[in-house]
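Everything on this sheet refers to the single structure shown next.
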């Protein structure tokens, strides 16, 4: 088979490049500064984030989230510049999340980005949030050409790179897995601090019963609304004990919130691992990269690792500073496209709630 | 103590390992004149909770076996079922001597080295022109949908042409066989049939060059075989085509 | 622009620290279209160092909502300019 010689279109820079990235598509506002050096390496100069945490039982609404971002953005941006030991004059471009995400929060961040761009006369770079996750994942883990499982509160996709496009192989047919987790956390009144998914994970460790839940994979796709309905229904089951305790010494056959968390995790993560495995088999890939907030979950990482080992593959995952939405990933993806000559004209710098990962022209890869 | 299914696997030849199962060629008896069988073993997945794993395996093996039997009863060309072991996750089906449609069409053998002359399995060898092949595909899928069986993973890899040597030389014929019913399910819904066709359309366009006229022939034959059921399915197929591109992501 | 007497008109003048800042605010804010362009008409302009916005809206409720949203945006731009303006002024921007 003739080998295809792939020339990387992105050459090493002739001088160091700096970019600042601003992220605010959901309830986290993040700002980060990244540096691309002449030897082709990348350095994270700073990565600062503030999360809008709602009381238990409540989700975050667009209006309040936008308000949170407007309150915290300037502080976070300043801290980010101080930590990076640079001034806004030093950056080559200002990157911001163009979409997808929640309308009002996205728009607030874009407004700041535009103002800074005009004030400091710096190019504006609109970035796709999902591509940000992928590029940061590749950079941090060194994964070569993995199947990417992107799982967060707003997205669930299985992605593989092909000819300058991040192709979506499989995705959710209804809600994102993180959304399913967040909503379930509200049903059982779990704290949202630091994140609902994290608290479900801790609670699940105490669970013992595997309750039967609808397992919903359809080929390469998955769906979660059926499972959410089913797991909520268990809270009306007469065996459910909201405090996790039996009523008396005879009360053996009970269902605790921990059992629900355990059952939910085992089922939804098995589904995600299955569709990832399908993509791997289809493409013939041996690498998996997990990105997005739900990717922080250790049980998901473990399950993925077990599957990978059975196929002689490898899992690449990151810690929460990069898994969870952040500004540095926007800076990274933004700077890559800027160095290939991309720029977002001011008049085209509005944001959008819908922005598919495969709509981006990945010019910086062969 | 290994079950008889597992013992059978231990003497079989591994052909491939997909995401879901390992596939083997095996002999059910020691008589060499008996045809071989294809063994599909849905082995234990270590990442799944054992209870979940066992339940999924049971459900999927029995669903696949049931779909095959339903197709056979309805006259759809599928491999015959030889043995089912639901608890071990093993399904033994008729070994089809032939070639996948994917390999017989241009574009399907891309990843493989050029075959030597004389060893090529080509469409000519099968005596079936491309257009006739597309018609056969449309007809088989129609028969299957009329029996309310949804394949769930229609691709050109999941259809085979029986090799001419399988037939009586006095009356040579051609037969298109649909295989791999691992994702199949029962449904009478127009939506599911339309999606089944859409999956095939996508598979055609991502694997074979200039696939539009090919798939159009498939649909033509499907339309003729479906009769009055065609119109609602066609309408829904148009919807599904639009939907596929517009599925939105809300961050 | 509609001068229909049934519509409601509000004009807002916001002074800035400089003409340049007012111009920046205008350019940053005008990128986003109004959510209901058939019911809300917006005009933005700069006179000296003042940003002038005129809204013609179909209903009083829309006038209130539109003005609230506009002021939130102006507030954000103003605070950004306040925070970063001095630093930006220290080093004049090189010719683009």
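Each residue, glycine too, has its Cβ placed from N, Cα and C.
Curation does not apply to TrEMBL; its annotations are automatic.
The record from TrEMBL ties A:129, A:133, A:150 to divalent metal cation, and of the options A:319, A:325 it ties A:325 to that site too.
Of the residues A:12, A:47, A:297, A:326, TrEMBL places A:297 in the same substrate site as A:150, A:151, A:152, A:153, A:154, A:182, A:197, A:201.
Taking Cβ-Cβ distances under 8 Å and a sequence separation of 6 or more, the neighbours of residue A:154 (substrate binding site) in its chain are A:25, A:26, A:100, A:101, A:176, A:178, A:179. The two recorded residues, residue A:297 (substrate binding site) and residue A:325 (divalent metal cation binding site), show a Cα separation of 14 Å. In this structure, the C-alpha atom of residue A:129 (divalent metal cation binding site) lies 20 angstrom from that of residue A:197 (substrate binding site). For residue A:325 (divalent metal cation binding site), the same-chain residues lying six or more positions away in sequence with a CB closer than 8 A to its CB are A:23, A:25, A:26, A:28, A:30, A:49, A:129, A:152, A:293. Straight-line distance linking the Cα atoms of residue A:150 (divalent metal cation binding site) and residue A:197 (substrate binding site), rounded to a whole number, equals 15 Å. Mean model confidence of the domain 'Gcp-like' (A:44-331) amounts to 95 (pLDDT, 0 to 100 scale). Taking the Cα atom of each, residue A:133 (divalent metal cation binding site) and residue A:197 (substrate binding site) are about 18 angstrom apart.
Among the binding-site residues A:129, A:133, A:154, A:197, A:297, A:325, the ones with a Cβ under 8 Å from a Cβ of chain B are A:129, A:154. Considering only the residues assigned to substrate binding, A:150, A:151, A:152, A:153, A:154, A:182, A:197, A:201, A:297, the longest pairwise Cα distance works out to 19 Å.
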